[in-house]
Amino acid sequence: MIPGARPSLTWRSKTGYRCFDGACDYGNEVEAGQGVARAIKDGLVKREDLFLVSKLWNTFHDPEHVEPICKKQLADWGIEYFDLYLIHFPIALKYVDPSVRYPPGFTYEGNKLVLSNASTQQTWSAMETLVDKKLVRSIGISNFNVQHIMDLLRYARIPPATLQIEHHPYLTQPDLVRYAQKSGIAVTAYSSFGPQGFIELDLEAAKGVPVLMEHPDIKSIAEKHEKTPAQVLLRWATQRGIAVIPKSNNPMRLALNLDVNRFDLTEDEIKAISGLNRGLRFNNPTSVSAFCSHLASCKSIVADIFHFGRFLQYGFDLPIFA
């Protein structure tokens, strides 16, 4: 059992968080479900007040595996439906039976990536069936680029509700964000604090990268508005119409992360923060083999990458297909 998921969810419910973002790959959906059940039992929330998100892992892209794994994840959470279900990566890998290894990870036997022949069109059609069967209320995508989205929109009967991507001042992805928003797809940012979480995981790509929380430009703007650097980073995203799902295990920071609506950055401040862009990606699937091997040796930290958060929405809502 990876520690932290169950109590963390309860803390967040008490603080006011209502959207909880999980995934098969995070390895703690059972504990997250226990946290949901406890929050409901204690009268902190009702199920209809929550927005629960999970993701289809790469090894389940073959259409015949989509519904069974979704049902397993629902059972792990102890719920009847997901509010949003995402394709985690546009990468189809060879099927791994959950009874053999779960979560399956990126690599197969011998620490190798083994691809599946499943197309995104086949997978998306199976995702749409989940909506038809009311197992999920909306479907979306994660870590897709413009070309992936253009292809998907050619055949999608139900368009993606949201695109979840790595997004922070070191990786602004303006063309991708613009295209998604123009296409009516809400954009959600993960890793809003840049290298912070990846440094904690000792990821090579994050070593030596200046921490955004300590960047002089971010600190200066934060002092001007009497806010924390984290609040400035979140407001930089939300003020540009991007939802955020920040993580923290600190109750005070949890409360502060929710309170980013009550101030506005100036246009010059937004430009200055956006100007920090380096095209620097930390969550890079091309290097996951080594990363996954490393994760196996630091499992106690993995709970930190379970993104608990609340959609901070400004002028748009995620479409729900009931």
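Count begins at 1; order follows the chain as displayed.
Glycine is no exception: its Cβ is also placed from the backbone N, Cα and C atoms.
What TrEMBL says about this one:
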{"type": "ACT_SITE", "residues": "Tyr26", "note": "active site, proton donor"}
{"type": "BINDING", "residues": "His88", "note": "substrate binding site"}
{"type": "DOMAIN", "residues": "14-277", "note": "domain 'NADP-dependent oxidoreductase'"}
{"type": "SITE", "residues": "Lys55", "note": "site 'Lowers pKa of active site Tyr'"}
Sparsest-packed among the recorded positions, when each Cβ's other Cβ atoms within 10 Å are tallied, from Lys55, His88: His88
Inter-residue Cα distance where the pair is Lys55 (site 'Lowers pKa of active site Tyr') and the residue listed as 'active site, proton donor', in Å: 10
The residue listed as 'substrate binding site' and Lys55 (site 'Lowers pKa of active site Tyr'), distance between Cα atoms, whole Å: 5
Assigned element (helix, strand, coil) containing Lys55 (site 'Lowers pKa of active site Tyr'), judged by DSSP: strand
Helix, strand or coil at the residue listed as 'active site, proton donor' [DSSP, three-state]: helix
